[in-house]
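Heads up: the structure comes next, in structure tokens.
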Amino acid sequence: MGEKRNSCKNKKIVFMGTPEIATYALNALLEKSFDVVAVVCQPDKPIGRKKEIIFSSVKKLAIEKNIKFFQPNKIKEIENELKELNPFAFVTCAFGQFIPDSILSIPEFGCINIHASLLPKYRGGAPIHWAVINGEKETGVCLMRTIKQMDAGDVYCSRKVNIEESDTTSTLFKKMNNLVYDIVLNDLEKVFNLEYPPIKQDESKVSFAYNISKDDEKINFEKNAVEIVNLIRGLSETPGAYCFINDKKMKLFKAVSTNSKSNNAPGTINNISKEGILISTKDFDILVKEVQIEGKNRQEVKNILNGNSEIKIGVTLK
């Protein structure tokens, strides 16, 4: 055990990541006693209506652990500083910036990325969302070599997790957080020790998970019930799948497919009860249990039954 811990301590790591999931990787590096000499994360950005500056999860952890951190607009800006650190490797997780070859060539071992999918499936910035939206039954994380082409490097190892029908992107993120921690804690050192041979990705099986756009968030009731429910699951809790009711945006949450069918046009509200709103689709109705109308708080359908709600039987959602 002593030799393994020492081998970690002797490896200088620069970690690059920004959101919460990346803190699980950084914590695992620290738990494993890697010498994390610096952290690189995205610049602070104003958030919400008040435009408050809120530190990213990784920046907060770097401050807490007293680790030097950088926040360049483009990583090229700190090329000299990174060279001076003389790192053994870069480790990245949800960093959010393109890393050019001039930076990738700095560390002795190169750059290892923790990617939240089972590559070659779902290359890109939103693999967890798209796994749920597309109704996948499993996903995972892998350790891969970073090259110039996005998420196209050789894969060293992976860990899998099941996606339940009840999972949303929010609940799946929690599972993936733990998986990220486990793969860094248990497998990264083996990658550095050349115990895992790199495996080339099968280019014939590549798919992409581009960042979610506003168009992706819009519900199309001409699709079937399962597809719509998966979209709602895949965009919960944020950014939320939406439609329009009387020209107002309405987000839908906690939806399930039913066995009932109506002859009404897709998007029609067929029934409202304490169980939820029953809405027509291309095939079976869906039951939606929570909504958020533009300008109002998110609420359970049972709490709006007695109000003067715009949600009425016969209304068609667009």
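In case you wondered, yes, glycine gets a Cβ from its N, Cα and C as well.
According to Swiss-Prot:
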{"type": "BINDING", "residues": "S117, L118, L119, P120", "note": "(6S)-5,6,7,8-tetrahydrofolate binding site"}
- Task: Determine, for the (6S)-5,6,7,8-tetrahydrofolate site, the additional residues of the same chain whose CB lies within 8 Å of the mean position of the CB atoms of S117, L118, L119, P120; present them in sequence order.
- Result: H115, K121, Y122, R123, P127, G140, C142, D151, V155, S158, Q201
- Residues near P120 ((6S)-5,6,7,8-tetrahydrofolate binding site) in space but at least six apart in sequence (CB under 8 A): Q201, D202, E203, K205, V206, S207
- Item | Sparsest Cβ surroundings (other CB atoms within 10 Å) among the binding-site residues L118, L119 | L118
- Cβ contacts of S117 ((6S)-5,6,7,8-tetrahydrofolate binding site) (under 8 Å, same chain, 6 or more positions away): R123, P127, I128, A131, T139, G140, V141, C142, A209
